Structure formats: C-alpha cells, structure tokens
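Okay, so here's the structure we're looking at.
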Amino acid sequence: MACKYSTLIDSSLYDREGLCPGIDLRRHVAGELEEVGAFRAQEDWRRLVGPLPKPYAGLLGPDFSFITGAVPECHPDRMEIVAYALEFGFMHDDVIDTDVNHASLDEVGHTLDQSRTGKIEDKGSDGKRQMVTQIIREMMAIDPERAMTVAKSWASGVRHSSRRKEDTNFKALEQYIPYRALDVGYMLWHGLVTFGCAITIPNEEEEEAKRLIIPALVQASLLNDLFSFEKEKNDANVQNAVLIVMNEHGCSEEEARDILKKRIRLECANYLRNVKETNARADVSDELKRYINVMQYTLSGNAAWSTNCPRYNGPTKFNELQLLRSEHGLAKYPSRWSQENRTSGLVEGDCHESKPNELKRKRNGVSVDDEMRTNGTNGAKKPAHVSQPSTDSIVLEDMVQLARTCDLPDLSDTVILQPYRYLTSLPSKGFRDQAIDSINKWLKVPPKSVKMIKDVVKMLHSASLMLDDLEDNSPLRRGKPSTHSIYGMAQTVNSATYQYITATDITAQLQNSETFHIFVEELQQLHVGQSYDLYWTHNTLCPTIAEYLKMVDMKTGGLFRMLTRMMIAESPVVDKVPNSDMNLFSCLIGRFFQIRDDYQNLASADYAKAKGFAEDLDEGKYSFTLIHCIQTLESKPELAGEMMQLRAFLMKRRHEGKLSQEAKQEVLVTMKKTESLQYTLSVLRELHSELEKEVENLEAKFGEENFTLRVMLELLKV
C-alpha cells in the first residue's frame with residue numbers, strides 16, 4: 001500500500017515497552033491541520049456547550065497529536081474535520097466519565113439519526129447537537145457517501161455508550177473485553193478512518209471486516225485503559241481493565257499492568273497475522289485490504305501518543321504553540337498549512353517496506369517520479385519541460401542535420417496543463433461529484449464509467465470557469481487570482497480548449513456510443529447559452545425572465561443534464577426509468593443553482609470574499625435579481641428616476657468595465673426598493689421545495705430512497 005501523506009519515524013523513541021512490536025510508526029506531514037481542528041472544536045464547545053479547561057487535554061500531543069500518528073494516511077483536506085469530530089468525542093467522553101446521567105446521549109443520537117435520513121435541523125437544538133450537525137455538514141460537503149457512514153456508525157456507538165448505566169459490574173477481564181472493545185469508540189473511529197482515508201468497504205464484507213479487526217480493537221482498548229487509569233481511577237463512573245484485573249486476581253496495580261501488557265502484545269501479534277493473511281487473500285476486495293492495513297497504524301500511533309500526551313501525562317506536555325492557541329485562540333494563531341498542500345500528495349513511499357532512507361528523493365518538495373508525465377502522443381514517459389540554457393550547435397551542417405531529424409524529444413503537456421491545474425487546486429465544494437454519486441444510488445453505473453463521467457464533467461466545468469472569468473474579466477475565483485490574471489489570456493484559452501479536447505477523447509471511450517452524441521449535443525447547447533449571456537451583457541440588453549431561464553437551461557443546467565443523460569446511457573438499470581424522467585430534476589437543479597449564485601453574489605459576505613463585492617454588477621451580467629429589479633422599475637412610473645439612474649450605471653459599466661463601490665451600493669439600494677433580493681430568495685425557496693418533491697417522485701419511480709441526495713439538497717438551502 002503506497003503512503004502519500006506520511007513519513008517513518010523511530011518508534012523506539014515512544015513505545016519503550018514494545019507494546020506494538022512489528023508495526024511501523026508513521027507521522028502525517030499535515031499534523032498542523034489536526035491541531036487546528038481540535039482547537040476549533042474546543043472553541044465551539046466553550047461557545048455552545050459550556051466551560052472547558054485551558055489548555056484542554058484531548059487529542060493533542062507535544063510531538064504529534066493523535067490522528068497524526070494513528071491515521072497517517074488521512075487525506076489532508078479531511079484532516080481538520082476528522083480532528084474536530086474526534087476532539088468532540090473526547091470532550092463528550094469526559095462528560096460521560098464524570099456523570100453518565102448528564103451526558104445528553106439521546107440528544108446526540110437523535111441528531112445523528114436525523115443526518116442519516118437526510119434532514120439536518122439545528123433550530124433550537126442544544127450546543128452538542130449543533131456541533132454534531134456542523135461535523136456532518138462539513139463532511140457532506142467533502143464526501144457525502146462516507147459522511148453517511150460516519151453518521152451511521154457514530155449513532156450506533158452512541159446507542160452502545162448509553163448502556164453504561166446498566167453494564168458496570170464486570171467481574172472478569174474476558175467479560176469486560178467484548179464491551180470495552182466496542183466502547184473504545186470503534187463505531188466512531190471506523191467512520192472517521194474510512195472517511196479520512198476515503199475507504200468504502202463493500203456491504204457484503206462488513207462482517208468480515210469486523211471479525212478481522214477484533215484483535216486491534218482489544219489491543220487498542222486495553223492500551224487505552226493502561227495509560228488512562230491514572231487519570232480515571234478517581235472518577236465516579238470508572239470502568240477500566242486495570243481495576244478489573246486487580247479485583248479479578250487480587251493483585252496490585254503494578255501486577256495488573258504487567259498482565260495487561262502481555263495481553264496487549266499478544267493481541268498485536270494476532271492482528272499482524274490477520275493483516276498478513278488478508279493481504280494474501282484473493283477472495284476479498286482491495287478496499288477491505290486497505291482498511292485492514294490502515295488500521296494497524298491505529299495501534300502504533302495510539303501507543304506512541306499515549307506515552308507523552310497531556311491527556312495521560314499531565315499539562316506540562318503541551319508544546320509552546322498549543323499553549324498560545326489555548327490562551328489566545330486560533331484567530332491570533334491560525335493554521336500555517338497552505339491550501340495548496342491540503343490537496344496534494346506530499347510524500348511517496350510504501351507503507352509496508354519503506355525505511356527512512358528509502359523514501360523517494362524529493363526535488364523542491366515534489367517526488368522525482370511526479371516530474372515524469374505522459375506526453376499525450378504515444379504514451380511514453382518523458383521528462384517534464386524545464387527551461388535550460390541552449391546547448392544546440394550553431395554549425396550549419398549540424399543545424400541542417402537537426403532540421404532533417406523527425407524523432408526529436410517530445411514536449412510534455414506540463415505547460416498546457418498548468419492553468420488548468422491551478423484552477424482545480426483552488427478550494428471547491430465538489431458539488432457535481434456529489435451529484436453524480438447521489439444519482440448513482442439509483443442508476444448503478446459501473447465505477448469505471450462513473451470515474452470517466454466525473455473526469456469529463458470536471459474538465460468541462462473547469463474549462464468553462466477559466467473562459468467565463470476571462471470573458472467577464474473577473475479578477476478573483478474562489479478568493480484567489482483568476483487563472484488568466486496569472487497565466488495570461490492566450491495560455492488560459494489554450495489550456496481550456498485542451499480540456500475540451502481531452503474530455504471529448506474520454507467520452508469516446510465510454511461503453512455506450514450514445515454518450516458521445518449526448519456529449520456533443522449538450523456541449524453545443526452550453527456554448528449557445530453562453531453566447532446569449534455575453535450578447536445581453538455586451539449590448540446592455542435586458543432579457544425577459546423566460547429568456548433568462550432558457551439561457552440557464554442551456555448553460556448551467558446543460559452540464560447537469562449532460563451528466564444525468566450520460567449516466568443513464570451507461571446504466572444497467574436504464575429500463576426502469578426513461579431518459580425524460582430525469583429531465584425535470586436536471587432543469588430544476590440548474591435553475592436553482594444559477595439563481596442561488598445570482599443571489600449570493602449580491603447578498604453573501606462569504607461570496608464577496610471569494611469573488612469580490614457584487615461582482616456581477618462589475619461584469620454587467622443580467623442576473624435574475626437585476627432582471628426583476630428592471631422589470632419592477634419599468635412597471636412603476638413613480639420609480640422612473642431610479643430607472644434612469646440604473647440605466648446610467650449600466651452604461652457607465654459598459655464603458656469603464658466596472659462600477660465603483662459607491663455605484664454598486666446605489667444599485668443595491670434600488671434593489672431594496674423593488675424588493676428584488678427578497679423576491680429572489682422567495683423564488684429560491686419555492687424551487688427548493690419543488691426539487692424535494694421531484695426527489696420524492698424519483699424515489700417512487702426507482703423504488704429506492706436517496707438520503708445522500710436529500711442531504712445534498714439540504715446543504716444547498718438558502
């Protein structure tokens with residue numbers, strides 16, 4: 001199993017008693033993101049739930065925190081929210097340890113059950129429910145399917161923990177272990193690991209996964225008890241293996257600890273045997289193998305963290321930055337981890353056999369292998385283009401010989417891909433990928449085809465954004481400089497066009513030849529729709545609402561319609577529902593998405609940070625809100641003065657290419673007079689209701705509920 005995000009460290013520096021023999025200790029390169037997530041959770045707890053010690057001893061560690069060692073292959077873009085969720089678990093666990101009767105387990109469980117059904121309602125909820133809602137929402141924005149796994153497994157764990165009041169009288173270690181192995185937080189931990197590492201265990205292998213993981217659960221739970229006993233032994237609700245062994249054998253604490261250490265080493269050996277045997281099996285999926293391999297680092301990471309973490313070893317174990325963040329907050333000491341690093345594989349290696357001196361050589365932080373790219377001509381790997389001083393001979397005979405040589409070294413696609421790679425590196429909510437995954441709950445398109453369709457949609461969407469920003473002269477995209485402002489107009493156009501060509505090539509490789517016709521048809525429609533948007537802007541012509549909606553259907557809705565039609569063409573269950581049955585959903589989601597974008601451009605502070613204040617007015621776009629405003633002004637003679645002023649502003653924008661802040665503020669004042677923003681919001685809410693109804697209709701036609709699609713719609717609600 002390749003390791004992308006971690007490096008090997010010397011386990012003997014931490015696991016001095018050899019509690020995890022045979023398992024490497026790895027350290028995540030983005031441990032900073034874990035600490036940010038933990039401190040954010042602490043700040044939210046104090047704000048929403050109640051007081052918390054400063055500094056709080058949850059998952060933090062002085063050299064590395066818990067997830068950094070226990071999930072060293074967590075995707076960097078998921079690290080912060082995984083840490084937030086686990087820190088919430090630590091804080092909630094401390095409440096249970098203090099007094100299980102005041103832990104509000106039913107409230108947390110109710111919220112998790114809500115998220116499983118696609119409805120997230122936090123109005124009037126208590127602080128812990130609000131935090132759980134926040135966790136699920138953030139995870140849904142990254143990976144809806146695996147976020148649902150987190151919600152389901154966590155809800156099961158909460159229900160298990162609620163039995164603590166009944167299961168307290170354990171007479172023997174063997175009686176205690178089955179309960180404790182689950183209570184160690186396995187259900188939550190299972191969800192967080194599969195989400196963090198993007199693992200999906202097939203349904204038919206879930207029971208086998210539980211069977212294989214049992215030795216790891218026993219080892220982790222007993223090791224946790226070993227290190228936490230000093231902290232817990234005076235708690236009112238203490239349940240700990242050290243105490244149980246002392247009572248069972250009538251021995252001292254030290255003798256009980258020795259008994260547990262032997263059992264911990266035994267269970268570690270049992271789990272390593274399971275790992276080895278699973279890797280050799282041909283009857284299980286690669287995803288199950290990856291899960292079993294990833295879980296071994298829970299053991300080594302947990303052991304190393306437990307030896308010096310503040311939670312078990314006292315407050316002197318916090319490092320300087322942790323103390324500063326605890327005292328002054330994240331606002332003063334924010335993350336030092338760049339967004340570019342969050343989305344890139346940083347280290348290449350092998351999780352089984354790599355040694356510290358065997359890690360791949362790095363050049364400016366990039367693996368040497370990453371500097372090799374397929375050139376797009378014959379599939380051969382050639383070095384990426386790097387400008388170097390010319391060594392060509394200027395002797396005439398040599399130049400003639402060079403001119404006669406056809407087999408010259410290829411130029412790679414690195415240069416043409418740079419603008420595209422820059423755009424796709426910017427923060428994105430991944431809505432279209434989420435839509436494809438959600439719709440595929442019904443259509444059952446094979447994974448290979450799903451990936452190809454996702455790639456096509458990503459390329460087309462990204463290329464259209466590059467060209468849109470250029471055509472609109474937008475300075476920002478997602479809070480960063482737009483592509484053309486960095487690479488120039490010519491390179492941006494060339495890179496975007498290359499994506500259209502590459503997407504065409506991928507589409508031609510899909511199983512059903514009909515997908516190619518769908519692709520061409522919808523791509524033509526998309527460009528025709530864009531032509532009207534540009535035409536109205538250039539000529540300062542206000543379309544009717546019907547014309548605007550038709551333009552949206554062709555442009556924004558076209559991409560949604562394309563992906564649904566292509567998925568239906570590739571679906572093995574297409575006979576259940578004809579193509580036309582998905583048309584209304586595609587139409588509604590396209591219109592909702594565009595009108596929502598129009599509204600947020602004028603009303604959202606977050607949108608202003610990402611794209612600039614009221615940027616649509618700078619671009620001269622006739623948004624839904626502006627069209628309503630103009631039509632309302634034209635229908636009311638008493639507002640003739642405001643209409644003349646608005647026309648003057650629009651003409652000024654055409655000549656100067658933008659509007660001043662003061663002019664945009666005046667336009668917004670006029671929109672308030674016509675109640676255009678409120679009207680837009682009302683239309684959005686009605687459209688959202690229609691979308692929910694259409695999902696119900698589709699659920700009835702397919703005979704299958706679609707919770708992930710419902711949650712996705714819930715997250716889009718304005």
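Note: Cβ is positioned from N, Cα and C throughout, glycine not excepted.
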Range among 143-147, 253-257, 283-287, 468-472 that Swiss-Prot annotates as motif 'DDXXD 2': 468-472
Packing count at Arg432 (isopentenyl diphosphate binding site) (other Cβ atoms within 10 Å of its Cβ): 19
Position of peak Cβ density within 10 Å, selected from the binding-site residues His461, Lys555: Lys555
Cα-to-Cα gap, Arg477 (dimethylallyl diphosphate binding site) vs Glu232 (substrate binding site), nearest whole Å: 51
Separation of alpha carbons, Glu232 (substrate binding site) and His461 (isopentenyl diphosphate binding site) (Å): 54
Asp93 (Mg(2+) 2 binding site) to Glu232 (substrate binding site) - Cα separation in whole Å: 12
Cβ atoms near Arg477 (dimethylallyl diphosphate binding site) (within 10 Å, other residues, all chains): 20
Local backbone state of Lys621 (dimethylallyl diphosphate binding site), from DSSP in three classes: coil
Local Cβ density at Asp93 (Mg(2+) 2 binding site) - other Cβ atoms counted within 10 Å: 16
Of the binding-site residues listed as Asp468, Lys555, Thr556, Gln594, Asn601, the one whose CA lies nearest the CA of Tyr312 (substrate binding site): Asn601
